[in-house]
Structure formats: structure tokens, C-alpha cells
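*Asks:* Supplied in C-alpha cells, the structure appears directly below.
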Amino acid sequence: MCGTAMCGTAHARLDGVLAGGVSRELIGAPHPVLTTQTLPVDAADPLVVAGAADLLATMRRSHRCTGLSAPQIGLGWRLLSLDVSRHPRTRSCAGELVVANPRLVAASRWERVREGCLSVPGLTGEVSRATRITVRGEHPGSGTPVTVHADAFEARCLQHQLDHLDGVLFLDRVVGARAVHRTGRGSGATGDMTSYARVFRYV
Ligand SMILES: [Zn+2]
């Protein structure tokens, strides 16, 4: 389970490195930035650090948000944020994270679970993902290496964000129309989700 003290420490660390970020508008499907492969970044570049701070500020703005990727705020960079500390299905918990150039280096024990996305409001889908993973990347600012071992919901959330960095949405991974569900929840990003879903024959 998530330890409150550990998550609190992570918050304080990020406030030092990534303070002053601005919350940006979330981009919704079918915007092309969400279906485009992102580019590696120089984690120490001040522009990248500013983008990382904005990603963190945007994630913190929404109480339902457990992770975001740079494309969701309009940046075509390999950069993700994560904070699953308040989610009921959380087991491992690294607290609040922002990782540059993340890559999946180990994955095992797949399971199929329903998930959603703030850039795809109103729909959820059943997606098979590994429940134990290792991700490596770099801290924005210092550029020092970071390794995250995650399981359960944190592992799912990390893989969901990694997919965003490859231009892949969860709708691209569901096994068919019967694995997609309407939630009736319209909040999240702006965007014409209905037309996007129609293109993929989900609704
Ligand atoms: Zn998403």
C-alpha cells in the first residue's frame, strides 16, 4: 500500500525541482498530437523542465487524475507524470513522479481490466496489461537516472502513459466493441470523442 510519508516526501522533492508550473488545458481525442509518436528530450533542458512543471501542475489540478503524458498538454515529448497515491486499487506507490524518456524494461503477469482516460471522456475499455513492470528514465532537471518498480494499478497507469508517448490510446488496445463502455461522465478534455469512437466503430 501507499505510505503517506513516502508520498509526502515525493511531493516535497518535486515542489523543489518543478515548482511554478502552469496548469494547461487537457487535449482530447481526436487531436493529432494524441496519435503521434513523441520525441526523446534533454531532461536538463530548461524548456523541458518547464514542460515537466506544467505537466505536474495539470495533473494536480484534477482530483481524478492518476497520471498524464506530455501529448495530453500539447507537447510531443517523451515525458510522463504519475500519482496513484489516492486510488483505491493502488498497491505499489512511488508517490508523485515526473519521468523524462521513460522506457519499459520488464513486464510480466498480464490481466485484463477496465480503464479510462481524461483525453477520452465518456468511455472506458477493457485492456490487457502487465501487472508487474520496471520502467527506467530520467529526472527532469538533474537528468539523473530513475528506476520505478510498479505493480497493480500503478503498473497499469504507467503503461497507459507510456502508450500515450507512442501515440496509442487505450481504445487502440481494446479487443472489440463489446470491451468498450460508456460511462456517462463527460468531464475531462474537450474534443469530439463521439466522432473519434465512430472512426474505430466502437459506438
Ligand atoms: Zn490517457
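Even glycines carry a Cβ here, placed using N, Cα and C.
As annotated by TrEMBL, Fe cation binding site applies to Cys117, His160, His164.
Show me how these features fit into the shown structure, please.
*Replies:* Following the DSSP three-state reduction, the secondary structure of His160 (Fe cation binding site) is helix. Taking Cβ-Cβ distances under 8 Å and a sequence gap of 6 or more within the same chain, the neighbours of His160 (Fe cation binding site) are Gly67, Glu115, Cys117, Val127, Arg129, Phe170.
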*Asks:* Relative to the mean position of the Cβ atoms of Cys117, His160, His164, the recorded Fe cation site, which additional same-chain residues have Cβ within 8 Å?
*Replies:* Gly67, Ser69, Gln72, Ser119, Gln161, Asp163, Leu169, Phe170
*Asks:* What is the total of other Cβ atoms whose distance to the Cβ of Cys117 (Fe cation binding site) is within 10 Å?
*Replies:* 26
